[in-house]
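Participant: Here's a structure for you.
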Amino acid sequence: MERLSAQTAAQNHSLHPIERCLENLKDEVTHLVANEKAYSDMVEKLQTELSAFKRAYADVDTELKAAKAALDNAETLNAQLQKDEAARITNDQGSRVVMLIDGDGAIFSTQLISQGQKGGHTAAQRLSDGTMQALTKCYGARAYQLWVYVFFNRQGLLNAFRRSGHVAVNGKLEDFIVGFNQATERFIMVDVGSTKEAADAKLKVYLEDEIRLSQTFKVIFGGCHDNGYIANLQSQITAGYKEKLMLLKGYNEMASGIAMFQLPTLTIDGLFLTKKLAEDVPSVTKAPLGGNVGLGPAMSSQLPSPPVITRQLDPKLAMSKQNPPPCTLYYLKNSCLNSHCPHAHDYILTPAQLNDFANGAKRAPCPFLNKVGKECHFGQDCCYGHMCTKHPKCPFHKQGNCKFKHPWSASQEKGISRDYPLETKNEACDDYLARTYFQFLWLPESIMPLKLLVPSLQRANSQSDASIVHPLHSKLERLLLTTRTVNSKYHVELAHILANGGGEGEEEESMMWYAVTHEKSENDLEEPWLDDTWRTKWLDRMERREVQIQILLHLFKLSLSGPSPPPDMSQSPRKKRRKIGEREPPPLSLEDRLEAFMDKLSMWQLMGTLDTGLRQRHDTQDRDWMQTFCVEVVEPRFGTILANQISLLREKVFPHSPFSDTDDADEWDAPGPKPPTAQLQRTKTTANTSRSRTNSTVATLDPKASVSDRARSRSLSVTLAEEEQRERQRVEADDGRRRVLKREVSMKRSFTPTLSVRDTAEAAKRAEEKRKEVEGQQKKRAEEAAKERERIQGVTLVEATPVKPRAPKIGL
């Protein structure tokens with residue numbers, strides 16, 4: 001390399017300086033030409049990319065302009081649609097006004113009723129004019145359409161008129177109803193019958209349905225006299241429909257609970273009675289207490305019916321000392337349906353006497369509530385007293401001699417709110433649900449009524465989106481039990497805890513002890529739970545309450561929005577291992593578990609009917625606690641959203657249930673096919689089959705058998721073989737169809753004590769000996785049956801073989 005460099009240097013040195021400069025310039029020009037070509041290629045590439053970007057930009061710009069145009073069109077269309085929707089809503093709001101009237105409390109004026117059809121027309125006209133004027137004054141002029149529904153108990157109203165002395169009005173009531181209904185097509189006055197609170201039930205359903213319609217502008221509610229509507233009105237107000245509600249005032253005094261809502265009130269003068277009937281209208285004929293009470297000649301001439309035979313009161317005796325005394329339920333509740341009532345129904349009492357009668361009844365304890373295990377189906381409207389008027393300062397209550405039964409004292413009831421508050425801070429949802437469940441189970445009905453159970457559980461989560469699974473579905477699952485679990489809880493576990501004085505100290509056990517220690521016994525025992533009779537009655541009562549709570553929980557879970565998640569298929573670690581060959585039963589569905597609890601109610605009702613020999617009828621007021629639970633707790637809450645389940649419950653607890661022995665066979669549908677043969681029957685299939693074949697064969701050999709049986713054309717041995725084959729196929733088919741029952745209902749009612757280790761071993765030994773003895777007997781019977789079958793088959797071959805008849809001998 002050094003030699004070449006030296007040579008090149010020698011050559012350059014030998015060149016002329018000008019030539020050397022030219023060589024250098026030549027190299028530089030060559031380099032510049034190469035760079036220029038590279039730059040030209042780069043410029044051409046960039047120009048190509050620029051053109052592509054320009055075309056893409058142009059396309060995007062065109063799309064942007066089209067999108068802006070579409071957006072402008074959509075905004076214009078949306079504005080037009082919003083304008084049309086607002087106009088439609090305004091038009092719909094002004095098109096429907098619904099008025100709901102409880103005719104048992106908002107009673108039309110007797111002056112209008114006495115005018116017959118003319119009075120009905122006048123009442124409808126006044127009602128329409130008064131409503132339209134009030135709506136126009138408050139909300140402006142619109143095209144209102146008024147719909148009026150009046151629900152009332154006709155027979156009850158007639159009796160109330162008769163008791164108050166308005167006998168003449170009774171003959172005009174029917175004409176008044178006709179006139180009111182004929183006044184306009186949208187005015188309806190309906191007699192709902194004498195069933196308790198039938199009018200209330202219809203008003204509640206109509207209120208819930210009508211107020212939720214977007215076409216409804218206002219719902220004018222005419223039931224301000226009854227606090228029983230408070231829960232329904234509160235529910236609608238909470239749901240956001242307060243602006244749609246108005247009240248129609250009947251009596252001057254509105255129910256205190258309804259007045260607290262401070263809703264707009266409509267008053268139409270001269271249309272309704274301003275006071276209760278017995279306090280407002282005097283009797284037609286005022287007769288002295290010592291004389292006969294009857295109708296005056298002028299009034300009696302207006303009545304086509306014969307005069308009513310009445311009984312006179314003895315002015316020297318108190319109301320309860322009359323012979324016979326007047327019937328409390330008949331005069332105060334119009335609900336005495338006892339055809340053999342020992343009290344009188346034919347007194348005519350003045351308003352003052354009725355008032356004294358009502359005050360006296362309030363001082364007497366309610367015969368339903370005062371009995372252990374009974375619930376008053378009148379509720380707060382009961383004419384009797386549910387609480388001592390002097391409670392908690394009653395001197396007899398302190399001594400334990402008060403005629404009112406108080407399972408909880410006043411200090412105990414006050415202490416409940418401190419020991420078990422309704423709300424706690426920073427409480428998890430699961431803890432809240434469990435605490436609420438236990439409080440409604442163990443605390444008394446007067447403090448935790450079952451009607452408030454579902455609303456209390458709804459407070460945990462108010463999600464209402466029907467497209468997703470409600471969060472309470474999984475939360476409530478841990479609270480749901482089966483009938484077998486409930487039965488074991490009260491007849492084994494809790495009975496054992498009470499008898500031994502304690503258990504594992506769980507949360508529910510502590511609340512159970514809180515309830516049982518506050519319970520008052522009839523004999524004032526210091527520890528009544530140690531008494532077997534008292535403990536059994538108390539556990540039975542608490543079991544009935546938990547069954548009712550379980551029914552409400554199952555119905556509440558079925559009513560939750562969104563699909564219900566599948567049941568948990570995981571096995572419990574404490575569950576016993578099944579024998580080889582036994583199938584795992586499928587998990588019970590929510591509906592099956594609910595129906596099992598309904599069946600338990602029906603079974604209790606049936607057992608009570610068998611014990612007392614009484615017949616309960618659904619068209620009377622004499623309901624038992626199961627029917628009261630169905631009508632007053634379940635139906636108002638779930639009657640509209642779970643119609644099928646409520647109908648099923650009603651069929652089971654009212655007389656048309658197939659569990660009732662008072663039903664007619666044609667009044668209910670026949671039950672479905674019977675389930676497959678039970679397991680106990682299948683264990684003896686072989687022995688039974690052998691005996692059945694033996695019996696059938698012996699019957700064949702009976703000399704008294706029919707001629708047709710003995711004249712069969714084929715051998716009986718073949719027939720026996722075919723019968724044996726058919727029997728084998730039937731047994732195999734029964735085994736193939738074998739399945740576990742859908743429901744497991746335990747009828748165990750007695751207390752089962754815990755056995756010691758020694759007792760358990762002896763019981764197991766006796767069971768094993770019994771099992772071996774039974775197996776030996778079965779084996780022996782099977783061998784004897786086989787021998788008998790072989791013997792009979794051999795005889796049958798000879799007996800059943802046809803014999804050729806001999807030719808008759810010809811006499812010589």
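Including glycine, each Cβ sits where the backbone N, Cα and C put it.
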Participant: Quick one: sort out which of 725-757, 758-790 is the region 'Disordered' according to TrEMBL.
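Facilitator: Of 725-757, 758-790, TrEMBL gives region 'Disordered' for 758-790.
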Participant: Between the candidate ranges 43-87, 133-177, 178-222, 223-267, where does TrEMBL place the coiled coil annotation?
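Facilitator: Checked against TrEMBL: coiled coil maps to 43-87.
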Participant: Please find, within the list 13-40, 293-320, 321-348, the residue stretch that TrEMBL describes as zinc finger.
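Facilitator: The range carrying the zinc finger annotation in TrEMBL is 321-348.
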Participant: State the residue range annotated as zinc finger by TrEMBL; the candidates are 360-389, 450-479, 510-539.
Facilitator: 360-389
